[in-house]
Each structure stands twice: as C-alpha cells, then as structure tokens.
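> Pulled these features from TrEMBL for this protein:
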SIGNAL    1-16  signal peptide
DOMAIN    44-102  domain 'Partial AB-hydrolase lipase'
ACT_SITE  177  active site, nucleophile
ACT_SITE  347  active site, charge relay system
ACT_SITE  380  active site, charge relay system
C-alpha cells in the first residue's frame, strides 16, 4: 500500500517537472468526495474524551463555507468566556482533525484546553468539513481555482475574525507546515496583526529550496509555463487514479523506497506510534487544489516567496499590474509580534537551511520577541502527532502563550 499522507514533496515534484499536454490536462476533472457531516469532527475526535466541543460555520468573502470547531474549556470545566483564544491551523492535504488524533494527553488542542485556553480549530477550503460554497459545487472545477494566496486573503482572515467576534480577544495562533506559510505571508502584509496576540510556528515553511527528501532528489525544477492551461484549475485528490499513476511512476525511480513512503517524504519521524498512524491514514489525506501545488512548485523553482505566477507577463499584469508576481517580504513582519518557531533536524520538508533563510529575514525582530526551538530528532509529522511532542514542544507553546500579557 502506498502511503500518501504528507505528500507535499511528491506533488511539487510532479508539477515542477511534468510537461504540457493540452488545455484540459489530466487534472481538468473533479473526483467525487464523501462529505462528512459538520458535526463529525467534534463527535469523532473530541467529545469522546470528555470535552465540550462546538461546531461553527463561517463564510469567506469569496463564498467558501468553512468549518471551525471550538473546545471552550478543559475536561475539569471552567467557562471559556474569559479564556485566551488559540487558533490552530493545519497544513496541506490534511484538516483540523490532525490536532486531535492522539490521545487527549498527547493532542495539542486538548492540552491547550486543559491549560486554560479557549481552543479553535480551523479547516481550510477543500477539506472534508469545508467543501461547500454559496454558489459552486465541489464537483465544479471553478470551485478549485485558488492557491495558498487565497488562504492568506480569504480563509485566514475569516477564521481570525470569527474568533475575535465570538470572544472579544486577540488570538494566539498555532500553524503547522502550510499553516505557517499563510501566517507568515499574512503578517508580512500587515494582515490580522491587530487580532493576533502571538504565533507559534511548527515546521515552518516559507522557503523550499533545500528540501532533503528522497523524492526531492527526483524533483526537476523546470519552467512551469502556462500552468493554468496545462492542468486546469481543478481538484487535486490524492486518492484519485491520476495521482496514483504519478506516485507509482516516481516510486519506480532509483533510490526511492515507497515501502516507507512517509519517511521518504517527510524525513525520519522519530516518535509516531502505530495506532496514531493508522488513525491518520483512515482520515487523511484531504484534497486541495492543483493550483495550490503549482504555487508551491513555483517556490521550489524560483527560491522566492511570492504570489502565484500566472505564467506570462500579460497574465501577471492583468492580475497584479506588474509583469512579475509581487513578493512577500517577511522582513516586514512587525518586529514586536511575539513568535515561537520550532523546527526539526530530521525534517525533510522544512529543512534546516530553509529555516535558517527564514530566520535571516527575521533577524531584526525585537529582542525577546522571537523564540526559536531546534529539535534534533524531530521530522515533519512529529510536531503534531509525535508521542513526545507534548514534553518537547507543546509544553513550550503553553509557556510561551502564558507569558504573553
């Protein structure tokens, strides 16, 4: 069985190297998805452990209906009214359930709730709990016409505003992987700063030029060209037949061991137990848009963090008024915004060299406002699913948040 969880590098490899083959492309279709009931996540992952859990739905300004779960208090009780809110943002090809898949004692969402915080779990567009739209069905390719730029502009503000409106407090933020990228990009443009108290970024993704995955070796950073017409702006469903074909093709490459696919993609995770991995594979991966992966592939190719490249100066001019997409300048992140960054020595996606590049952009951050943790043995998945994450990382996050007054 081929494990496709956390397949970011594989898909970036595909999009960075695959040639043009016409206006529709193999991804000009949308696979059928089973849409979970809005209450499934609370009932399946949270209330079974004795926690209260509330479901919210909120609509973005471009019509996507997003699901949010709230754990207002710990198991011992206490109102969430005056508790400091924390917003948890998942990465790519997964959803908010990844924050609650371990035992209550090992899952960050429950640990935060038991530590006195009011916990909010976001689910971005395209994932099973956030598949609806005011006017578009998820079978319609137009539904999938977005990249992570749109998560910066539409989804993240919608989540942050919901928390602020419901609680009246600025929120602490926790992002993992792509959840860190959209936060960094947002903060660099001054978005949400007035409603965010601090941010903890796990396996931070901003630059992708030094990925060390086995699959990264076969990544061809070729020019993407008119990518919008090559693939069609449609759903990328990791469980669909076309993706399986690409996976098998890459697995045939010399040096790629698909019997341990998760390690080949994310690095050697030190601390995942079998039951958590089994539960993860029963619930993930989630679909995303083809355009989203194309955008990530552009970051690999160019070594620059910037908005989506529409493939020609004419198209870019139409979208941005510039021949090249505008860059996200992370040095513009407010220097007094408290940041906690945690990255791993075995992480093949968020490599130490790329994190060092990110830290260089933050070198002028105010003294005492930037906290950096390096975990030598951790890889990408350990930061949310690892059995030792509580002692090594999560307790540090609780302390960091508690110290922000």
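Backbone N, Cα and C define each Cβ position, glycine as well.
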> Between the Cα atoms of residue 177 (active site, nucleophile) and residue 347 (active site, charge relay system), what distance do you get, rounded to the nearest Å?
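Per the Cα atoms, residue 177 (active site, nucleophile) and residue 347 (active site, charge relay system) stand 11 Å apart.
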> Return the count of C-beta atoms lying within 10 angstroms of the C-beta of residue 347 (active site, charge relay system), excluding that atom itself.
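A count of 30.
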> Mind giving me a neighbour count for residue 380 (active site, charge relay system)? Other Cβ atoms within 10 Å of its Cβ, every protein chain shown.
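Taking all protein chains shown, residue 380 (active site, charge relay system) has 29 Cβ neighbours within 10 Å.
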> Round to the nearest Å and give the CA-to-CA distance linking residue 380 (active site, charge relay system) with residue 347 (active site, charge relay system).
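For residue 380 (active site, charge relay system) versus residue 347 (active site, charge relay system), the Cα atoms are 5 Å apart.
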